[in-house]
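Listed in TrEMBL for this protein:
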- B:12-40: transmembrane segment (TRANSMEM)
- B:52-71: transmembrane segment (TRANSMEM)
- B:77-97: transmembrane segment (TRANSMEM)
- B:158-178: transmembrane segment (TRANSMEM)
- B:210-229: transmembrane segment (TRANSMEM)
- B:241-263: transmembrane segment (TRANSMEM)
- B:275-296: transmembrane segment (TRANSMEM)
Amino acid sequence: MTDRKIPKSLAGPSRRAFMAGSAAMTASLFAPKALFAQDYPTAQINTTGLAVTDDTVTIGILHSVTGTMAISETGSVQAEKLAIEQINAQGGILGRKIEYIQEDGASDWPTFAEKARKLLVNDKVASVMGCWTSASRKAVLPVFEQNNGMLYYPTFYEGLEESPNVIYTGQEATQQIIAGLNWVNETKGAKSFYLLGSDYIWPRTSNKIARKHIENFMDGCEVVGEDYYPLGHTQFNSVINKIRLKKPDVIYAIVVGGSNVAFYKQLKAAGIDMTKEAPIVLTISVTEDEIRGIGGENMEGAYACMKYFQSLDNDNNIAFVKAFKDMWGEDIVIGDVTQAAYLGPWLWKAAVEKAGSFDIDKVREAQIGVELETAPEGYVKVHENHHLWSKTRVGRAKLDGQYEVVFETADLVEPNPFPEGYQ
Amino acid sequence: MFSDYSMSELGAIFAMQGFAGLILFSVFVLMALGLAIIFGQMGVINMAHGEFMILGAYVTYLTSNLFAAWLPGVFGMYFFVAMILAFIASGALGLFIEWAMIRHLYKRPLDTLLATWGLSLILQQVYRSVFGAREVGVSIPDWMMGSLPVTDMIEVPINGIFVMVLATGISLAVYYMMFRSSWGLQVRAISQNRVMADAVGINTAWTDRLTFGIGCGVAGVAGSAFTMIGSTGPTAGQLYIVDTFLVVVFGGAASLLGTIASAFSISQAQSIMEFFLSGSMAKVLTLLVVVGILMIRPQGLFTLKLRK
């Protein structure tokens with residue numbers, strides 16, 4: 001019925017290697033605090049009947065591992081399992097080991113809602129790490145609000161949402177867009193932009209914000225074209241011709257899924273050499289994960305605007321990448337969303353310990369202002385609008401499929417899911 | 001909207017746009033030929049057509065890895081080997097599926113729709129289990145990437161030329177097999193009157209199996225070629241299936257010439273409209289026109305004259 005697993009029986013490709021890695025990590029980074037279960041009687045820390053016992057607490061993982069979205073969501077599942085394993089290795093939360101129940105949303109939005117209801121109503125999980133597309137988040141939102149659950153949502157998304165029952169560990173649109181546009185304008189002197197996207201809510205909302213920013217806040221800059229193609233579109237020769245005719249300084253591309261591969265392959269075949277920056281290609285939809293499908297040789301020279309790149313050079317990230325590879329294999333790559341998914345369990349742990357309780361209402365209150373010094377992306381902090389303060393970075397794709405970080409904002413960027421002047 | 005551009009720029013753009021239309025035409029022909037054989041000649045609605053194509057793509061992926069590992073010296077030529085292997089793999093799977101599933105359903109054409117739909121789901125999950133949920137990157141030989149500069153403005157993508165040559169070659173081969181070989185004669189006889197064909201001694205069961213296999217094999221070659229322009233993943237076949245059926249149905253199911261004519265008209269219409277409108281609008285308008293024409297001519301553009 002349910003695939004209830006305790007993380008100890010976790011079927012990672014090289015469990016032994018991982019244990020060694022995580023032990024080293026525990027020693028160096030996450031000095032375990034001595035929190036013992038007997039200091040926190042279950043009756044006190046769980047007054048609403050959640051799945052908390054004297055030595056375990058159960059959470060849910062809700063992603064698609066089958067269907068079209070499995071390609072993207074697999075990384076998030078892996079990151080969340082890694083975080084849970086590491087937290088347990090440190091002694092768990094309030095002295096309780098985390099167990100998880102994993103459900104498959106199967107790339108189908110009604111299934112997501114049904115599974116979310118099952119996790120909250122039948123399993124009484126204390127929190128849920130899950131969802132990837134906005135459509136799946138919108139589908140589970142009423143379930144979480146009605147049953148007062150807590151969802152940690154990892155994906156960068158279009159904003160325009162602030163639910164008391166969701167913590168958004170990815171960037172909302174302005175965090176991802178504005179700093180990147182300013183950067184390309186200031187350092188590359190770009191003045192004209194061609195906006196391109198797949199035809200659904202995220203690219204359209206993001207491009208709307210990009211257009212407003214270019215036209216209203218960047219002096220002398222203009223949008224010379226804006227185009228959308230259906231999801232799964234595979235023929236981009238016409239739009240490449242249009243782009244040639246308009247001669248923009250920047251192609252701002254938010255193409256997703258299988259279309260991504262077709263777009264970059266055809267861009268290269270049409271003789272647009274991205275290493276020569278004429279025009280510059282700037283994207284917010286291609287992480288290291290997607291480059292594997294596109295091919296490094298087709299992506300070399302393009303710029304991506306994200307908050308995390310696997311190549312980030314800091315101690316947190318080096319340890320994270322090592323632990324991730326030890327657990328899931330040497331060949332694996334880690335994209336922006338995977339890192340954001342990894343933050344979910346850690347943020348929840350910090351909030352529970354701050355509140356001294358698993359009760360959803362207390363965790364929600366405690367979550368605001370929680371800081372995480374150990375995030376692979378660096379320091380992050382939860383804003384009162386339930387999004388994260390985080391830096392914006394620009395990376396340049398290399399032949400080997402990794403990004404070289406060429407820019408990062410000096411300070412954390414404030415999340416602003418309802419940006420005024422951009423609607 | 002053209003006032004901002006000089007005449008030479010406009011000329012170049014029209015030339016390139018025409019070429020983009022021709023590439024799209026070739027892609028449509030490649031996609032649709034296999035289905036035209038299966039759906040047009042046998043009346044089998046093969047919803048798993050896209051998955052047969054993706055099998056070809058995965059075979060190409062495996063071949064490229066093999067060549068990279070063992071024969072790096074002739075890596076530039078691996079694509080031709082891969083296409084032959086793709087034909088064999090998809091064709092063999094087609095023969096097997098016909099034997100195991102399709103032949104039991106000839107009298108129930110609507111059930112083949114459900115059965116092949118189920119088959120497509122099974123194949124997708126098999127690909128996912130074997131190759132992983134993520135798309136795989138197929139490395140294409142350098143000589144096939146990039147473009148030939150004709151003038152300053154006009155650049156012709158090499159993979160576009162390759163797809164066009166391939167589409168022409170396969171169309172000619174299918175034409176030859178259909179209208180000049182004894183197998184083609186038998187196929188056409190069976191599609192016109194199965195009982196009579198049986199009575200004059202044609203082995204209809206074997207001909208059916210071979211037809212299905214060849215159709216699937218052609219799909220495999222198409223999938224192999226599409227690794228140059230599109231993605232290779234477990235569900236990538238789904239990207240092609242709607243356009244493929246659109247082309248075959250619009251052309252008139254039983255006519256190969258109709259398939260080619262319809263691929264040409266749809267691709268040109270779409271490519272021109274994409275240039276003037278947004279991509280989504282172009283798609284909507286193309287579909288509207290096709291629906292309108294099919295309402296007037298439900299049998300499609302071309303039909304065989306049959307005595308019913």
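Cβ atoms are placed via backbone N, Cα and C, with glycine included.
The model shown is predicted, which means the values in this text are computed figures rather than measured ones.
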For the transmembrane segment (B:158-178), which partner among B:52-71, B:77-97, B:241-263 gives the most CB pairs under 8 Å?
B:241-263
Is the transmembrane segment (B:241-263) in contact with the transmembrane segment (B:52-71), using at least 3 Cβ pairs under 8 Å (sequence separation of 6 or more) as the test?
no
Where else in the chain does the transmembrane segment (B:241-263) make close Cβ contacts, counting only residues six or more beyond its ends and a cut-off under 8 Å?
25, 28-29, 31-33, 35-36, 39-41, 43, 47, 49-50, 171, 174-175, 178, 191, 287, 290, 293-294, 299-304
